[in-house]
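Visitor: Below you'll find the structure I mean.
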């Protein structure tokens, strides 16, 4: 990855509200399925904005065996996804997205960020990200003191 894209908490909330506005009216949804772990925070933000109380998770772990990504489903929400929003923070190469589509073929799959390789796999997203860019999410960063340039 050659570039970094830093996401602040404020930016994330703005993007989540924009996505939520596209998902109105909220009464059409039975609930939200958040993809753990990246979709947990965006899922909470969508649940708040849409007034949705039914929130479930699908937990997928990816392993790298000899440069081949293997996905393992640790926990899944029941059903085929009909009437549900499935949310993840990002669609990148599409590996996780393909698994999600297979598990929940009738769900409305959304992300906050989308890279070109994964874009065709989601129903909606907010921010285009170049394929070779690494996203730093706010939950993966800590706030640290940065001394003034002058050193005084």
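Just so it is clear, glycine is given a Cβ too, placed from its N, Cα and C backbone atoms.
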Visitor: Can you match one of 48, 53, 69 to the GMP site that Swiss-Prot gives for 92, 93, 94, 95, 96, 134, 135?
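Guide: So, going by the record in Swiss-Prot, that would be 69.
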Visitor: Roughly how many Å separate the Cα of residue 96 (GMP binding site) from that of residue 37 (5-phospho-alpha-D-ribose 1-diphosphate binding site), to the nearest whole number?
Guide: 12
Visitor: Look up residue 95 (5-phospho-alpha-D-ribose 1-diphosphate binding site) in the DSSP assignment and report helix, strand or coil.
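Guide: In the DSSP reduction, residue 95 (5-phospho-alpha-D-ribose 1-diphosphate binding site) maps to helix.
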Visitor: When the Cα-Cα distance from residue 134 (GMP binding site) is computed for each of the binding-site residues 69, 93, 95, which gives the smallest value?
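Guide: Closest recorded candidate to residue 134 (GMP binding site) by Cα: 93.
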Visitor: What does the structure give for the C-alpha distance between residue 91 (5-phospho-alpha-D-ribose 1-diphosphate binding site) and residue 135 (GMP binding site)? Integer Å is fine.
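Guide: For residue 91 (5-phospho-alpha-D-ribose 1-diphosphate binding site) versus residue 135 (GMP binding site), the Cα atoms are 11 Å apart.
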Visitor: Widest Cα span across the GMP binders 69, 92, 93, 94, 95, 96, 134, 135, in Å?
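Guide: Taking every pair among 69, 92, 93, 94, 95, 96, 134, 135, the longest Cα gap is 19 Å.
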